[in-house]
């Protein structure tokens, strides 16, 4: 009798009837969800803070080596900026349709400077540990830290941009390079080289999609996402292009190509003197990198928590739990361990460029798949609520960039940025990792019934009095969909109350 009662209750909920105790369900939902503490400014700072790291100070020389000319190097930065803007527009539409934390996981589900490398790694271990602890114990202080550090980074880039314009006009003691007189001289015809250059530029832009990872914590999520994402990517794009112009206006091309120092260090040394280039800049780069790690860790914990709650990770009830500090503290354990492996396992030498490429390559499989999923949703769910709708042409451009970036790395480059590591290792290892992840997904979800034992499904069963019965995989999947739809409805209803000033 109990079994029939449970199954009948599940059928009633599927047919649109409310849960048995709607008030207790809402209270339970609020108690194990992260709080909505982020407004447009903090969301914009998280995105900009994630984007602006060490990349803008270190990657321009590598991009110039790959493409051969200053003019084409600037074109690479412009293309990366345009593609990032296109990605932001698509992700705003996805985020407005599915205002839940988790980013690509949710969308694809729904659509179907020292000389001692060990000293550097030691500093990295300390930094990631401090940042994980900070975000584990306090969301407000984690956000404030990201806000402050991001403001410092923006000020530094504005200073570089203004100084470069003054230097190009002959207003400093550093002689202008006249680099733009014949800007495209030396341009290389090398498709693989352009892919490498774009990966480096996109590495510097990485983070444009991070507000989507924490959309569950945004006040008035749809409006905040639109304002924050577009403001952040526009600001950073302008600053990045101006910073590159400043570098080329002050530092000669042959120095950039042959110097083993960071291009920003050459810039600061020539404009402000050796002390600025050797002492002040490393501090600024350290602050920039720390701020980027702070923003990245904030969002990474949310993605891991959502994956754990939906049963894709073992011990989901532990890693998907919201701590007593209203943070995904347990999820940060996984992020910390993975970061330790990435920092300690690779050998010295070409490992930095290798890790950059290894991170960037698989990302574009999922970025592209997310936007393809968006286009599919346009056809399969034409009447679904879309508070924001991106442009068809920008979506197609973004997908074409994704296709280019996942195919061209298999072509041998004329100039490699990792001479000691074969060019094909990055795409091959990345695809092997994706294949391994698919196998682990099958083992976890299909063989070990990950969805059935997931935090979200178990909470759904308890809240709706559906215990004491074994459900089919199809019914379990329906429960997951119902639970997700309930959370989405809750988010949208809360956003509407916020807009009316009732929350």
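Glycine is treated like the rest: Cβ placed from N, Cα and C.
TrEMBL has this to say about the protein:
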REGION    1-29  region 'Disordered'
COMPBIAS  7-17  compositional bias 'Polar residues'
TRANSMEM  41-67  transmembrane segment
TRANSMEM  74-92  transmembrane segment
TRANSMEM  122-142  transmembrane segment
TRANSMEM  154-174  transmembrane segment
TRANSMEM  194-215  transmembrane segment
TRANSMEM  227-250  transmembrane segment
TRANSMEM  280-304  transmembrane segment
TRANSMEM  325-344  transmembrane segment
TRANSMEM  364-380  transmembrane segment
TRANSMEM  392-411  transmembrane segment
TRANSMEM  423-443  transmembrane segment
Top Cβ-contact partner of the transmembrane segment (325-344) among 41-67, 74-92, 122-142, 280-304, 364-380 (pairs under 8 Å): 122-142
Per Cβ pairs under 8 Å, the stretch of 122-142, 154-174, 364-380, 392-411, 423-443 packing most closely against the transmembrane segment (74-92): 392-411
Ranked first among 41-67, 122-142, 364-380 for CB pairs under 8 angstroms with the transmembrane segment (392-411): 364-380
The transmembrane segment (41-67) in contact with the transmembrane segment (227-250), cutoff 8 A, at least 3 CB pairs, sep 6+: yes
Positions on the same chain near the transmembrane segment (122-142), where near means CB under 8 A and six or more residues out: 34-35, 37, 217, 289-290, 293-294, 297-298, 301, 323, 325-327, 329, 332, 335-336, 339-340, 343
Contact set, same chain, for the transmembrane segment (154-174): CB under 8 Å, 6 or more residues outside the stretch: 48, 52, 56, 235, 239-240, 242-243, 245-247, 249-250, 264, 267, 270-271, 284, 288
